[in-house]
Amino acid sequence: MSKKNKPEKHDDFGGFRAGFSVLVGRPNAGKSTLTNALVGKKVAITSAKPQTTRHTIRGIVHRQDAQLILVDTPGLHRPRTLLGKRLNDLVADTLAEVDAIGFCLPANEKIGPGDKFIAAQLAAAGRKPVIAIVTKADTVDRQALTEQLLAVAALGREVLGEEGWKDIVPVSATDGFQVDTVADVLISHMPPSPPLYPDGELTDEPEAVMVAELIREAALEGVRDELPHSLAVVVEEIVPREDRPEDSPLLDVRVNLYVERPSQKAIIIGKGGSRLREVGTNARKGIEALLGTRIYLDLHVKVAKDWQRDPKQLVKLGF
Ligand SMILES: Nc1nc2c(ncn2[C@@H]2O[C@H](COP(=O)(O)OP(=O)(O)OP(=O)(O)O)[C@@H](O)[C@H]2O)c(=O)[nH]1
Ligand SMILES: [Mg+2]
């Protein structure tokens, strides 16, 4: 590179900003739904069950003058299993690598010990800007929202001192209220930088992981108690079916669903296989949209005894 073309030491990249923001919060706070709303496409699965997200997911927001890479994380909580501890460690590692932190607190739940536990960890994480995001604003009336914003501000002063959070933004991911504002605020904390991802790329999730997640999302629908936590999904292979006409390809997608006990296997499969068929039908639509091809989905349910507490099995299942 000739000297002339070398970037200046204080190059501001023509005003372009790019960087990483992590979204943290209790399980079920609405992090993944907000990630999808900001990206404008579903990159993370969501559900009414806590602990839906189990690995960090990057979603990318493209603007004319900025690129915001969102890192959606598993909900933080006091861990009860080895899996829970691994997920918390994952979030802690992520905090160290980002430019700003979005702390999600739902508008419709009182601030509790769980939120204070996270707030204390954020305060300990150093001088990263923390933006409090009050999610699910559509679920409460104006007065309740105002009260929650005040309570969140007070929590910020409690853990960070007089200055508190860098910003507090109420948002509704489901009706779009203030979604752009959340992006604006996070982007304002990104450093000058050239774009970090190719234009138009919305996530760096591998396809096989997205496929497994769509199946887990479908399987979470309608199950109760411990089962959501006990479920893990692994895509074994995605292969093109041979002897198909060129204009009508078909992919064979072979997938294992792992549960922790035989009784759970029976629930997932359902009477005469009815539940598993339903899961397949519901997941297939999303997977075909993702891959842009028709698929044949081959689902198998297996028991991996107490995998959430077993270091060896955790590794096998990708944790
Ligand atoms: N009404 C309303 N519901 C929301 C909103 N955002 C999320 N939800 C619901 O809240 C539940 C949890 O949402 P998720 O996005 O999966 O929450 P999460 O924080 O990613 O949860 P974990 O991955 O388990 O930590 C789901 O049932 C969502 O539909 C919102 O803006 N308004
Ligand atoms: Mg999530």
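Every residue gets a Cβ built from N, Cα and C, even glycine.
Going by TrEMBL, these are the annotated features:
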- 17-192: domain 'Era-type G' (DOMAIN)
- 25-32, 72-76, 135-138: GTP binding site (BINDING)
- 25-32: region 'G1' (REGION)
- 51-55: region 'G2' (REGION)
- 72-75: region 'G3' (REGION)
- 135-138: region 'G4' (REGION)
- 223-305: domain 'KH type-2' (DOMAIN)
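Positions of the features from TrEMBL, shown on the structure.
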residue : record           : Cβ contacts under 8 Å, 6 or more apart
G25     : GTP binding site : K31, G75, L76, F103, C104, L105, D115, I118, T135
N28     : GTP binding site : A48, K49, P50, T52, G75, P106
T73     : GTP binding site : V22, L23, V24, K31, T53, T56, L90, V91, T94
A137    : GTP binding site : A107, L145, P170, V171, S172, F177, Q178
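Listed binding-site residues: K31, L76; maximum Cβ neighbour count within 10 Å falls on K31. In terms of DSSP helix, strand and coil, the region 'G3' (72-75) has 0 helix, 1 strand, 3 coil. In this structure, none of the binding-site residues T73, L76, A137 sits close to ligand 1 with a C-beta under 6 angstroms from any of its atoms.
In the three-state DSSP scheme, G25 (GTP binding site) is classed as strand. Not a single one of the binding-site residues among N28, T73, L76, A137 has a C-beta coming within less than 6 Å of an atom of ligand 2. DSSP assigns A137 (GTP binding site) to a helix. Each residue of the region 'G2' (51-55) gets a DSSP state, and the totals for helix, strand and coil are 0 helix, 0 strand, 5 coil.
Each residue in the domain 'KH type-2' (223-305) gets a DSSP state, and the totals come to 33 helix, 29 strand, 21 coil.
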